[in-house]
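A.B. asks: Let me give you the structure first, and then I'll get to my questions.
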Amino acid sequence: MNPTPVIAIHGGAGTILRSALTADAEAQYHAALQAILQAGQRILADGGSALDAVTEAVRLLEDCPLFNAGHGAVFTSAGTHELDASMMDGVTLEAGAICCVTRVKNPVLAARRVLEASEHVLFTGAGAEAFAAAQGLEFVDPSYFHTDARYQQWLNARGSQGTMLDHDAASLDGPIDPDKKFGTVGAVACDARGHVAAATSTGGMTNKQPGRVGDAPLIGAGCYANDATCAVSTTGTGEMFMRMLAAYDVSARMEYRGASLEEAAREVVMERLPRIEGRGGLIAVDAQGNVTLPFNTEGMYRGFARVGETPVTAIYR
Ligand code: ASP
């Protein structure tokens, strides 16, 4: 039997405390998540592929300044922006990713072109931008990625000398605890044919060193999709997700051990990652249309929508 198509998205995890997010900010996040889920839902309802649904959802998340990807990307220690994105198709196991780009408006679209038009999987820096230009993608001046909220965050982070995950400060303009700051966006979907896909995009961590690459553009760490198991997109302390191959580990637990989607995702987020102080979460779907959104932080901007049903969005635990 064909599954009911479903899409899930995240906008980053971290110390998002109810007490620190204003009602207005909270409403803005819910509204953005709802609108983006509805866009994904429409693609799936019209018979679109999981790959198309996750591409469009992540493109919209990149364009929204509330999230640390595309337009809302965080600052490096040099005061610049370096963006990373990846995507994978569960049907063919084809994948595409780019990292350290500074002028590509929508990194996820570049990842999609790598998946479709290149024999390679990952391009970095100048080579990634040359590829994106050859593919006719839209470029912007680096100042496009400047948002005042992230700039303030960066000034705070510089004062404390650390790197930060994007959403650890409950309010974008509040003081930031250096150990608490993640962002990143992602989407996973299962379409009407039971095919799955995943996409992840990020500005990385506030005040990261130039050239630092996290899990988001690495297939198996921040993104993975396989029709035989699941599609996964992660957010959190990228270095720990890389060391745990977190996204692939969810799939491997299903494939090798017969774990359910929920069990596999819970083990990775609640048991494996905490062993090395990995903080964050992930979203995952399988080819039967099951969805799970576990995280081990105080909050994760997240939601899912099945075709024909009202989207569900949430922020806190
Ligand atoms: N995982 C991302 C990175 O390490 C950060 C995040 O999820 O906010 O670049």
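Backbone N, Cα and C define each Cβ position, glycine as well.
Quantities reported herein were computed from a predicted structural model and do not represent experimental measurements.
Checked TrEMBL, it gives:
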type     : residues                                       : note
ACT_SITE : T184                                           : active site, nucleophile
BINDING  : R212, V213, G214, D215, T235, G236, T237, G238 : substrate binding site
A.B. asks: A 10 Å Cβ contact count, applied to the recorded positions T184, G236: which residue has the minimum?
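C.D. replies: Among the recorded positions T184, G236, the lowest count of other Cβ atoms within 10 Å belongs to G236.
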A.B. asks: If you run the three-state DSSP split on G236 (substrate binding site), which class comes out?
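C.D. replies: Going by the DSSP assignment, G236 (substrate binding site) falls within a strand, counted as strand.
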A.B. asks: Quick check: of the binding-site residues listed here (R212, D215, G236, G238), which one has the Cα closest to that of the residue listed as 'active site, nucleophile'?
C.D. replies: G236
A.B. asks: Once the chains shown are all counted, how many other Cβ atoms turn up within 10 Å of the Cβ of V213 (substrate binding site)?
C.D. replies: 19
A.B. asks: Cβ distance under 8 Å to G214 (substrate binding site), same chain, sequence separation 6 or more: which residues?
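C.D. replies: Within the chain, G214 (substrate binding site) has Cβ neighbours under 8 Å at D84, T202, G204, M205, K208, G222, G238, E239, F241, M242.
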A.B. asks: Quick one: what's DSSP say for T184 (active site, nucleophile), helix, strand or coil?
C.D. replies: coil
A.B. asks: Counting only residues 6+ apart in the same chain, whose Cβ is under 8 Å from the Cβ of R212 (substrate binding site)?
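C.D. replies: Result: T76, E82, T163, G204, M205.
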A.B. asks: On a simple 10 Å Cβ count over all chains shown, which one of the binding-site residues T235, T237 is most densely packed?
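C.D. replies: Answer by Cβ density within 10 Å: T235.
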A.B. asks: Please find, for R212, V213, G214, D215, T235, G236, T237, G238 as listed binding substrate, the greatest distance between any two Cα atoms, in Å.
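C.D. replies: If we measure all Cα pairs in R212, V213, G214, D215, T235, G236, T237, G238, the largest is 16 Å.
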A.B. asks: Could you tally the C-beta atoms, other than its own, that fall within 10 angstroms of the C-beta of D215 (substrate binding site)?
C.D. replies: 31
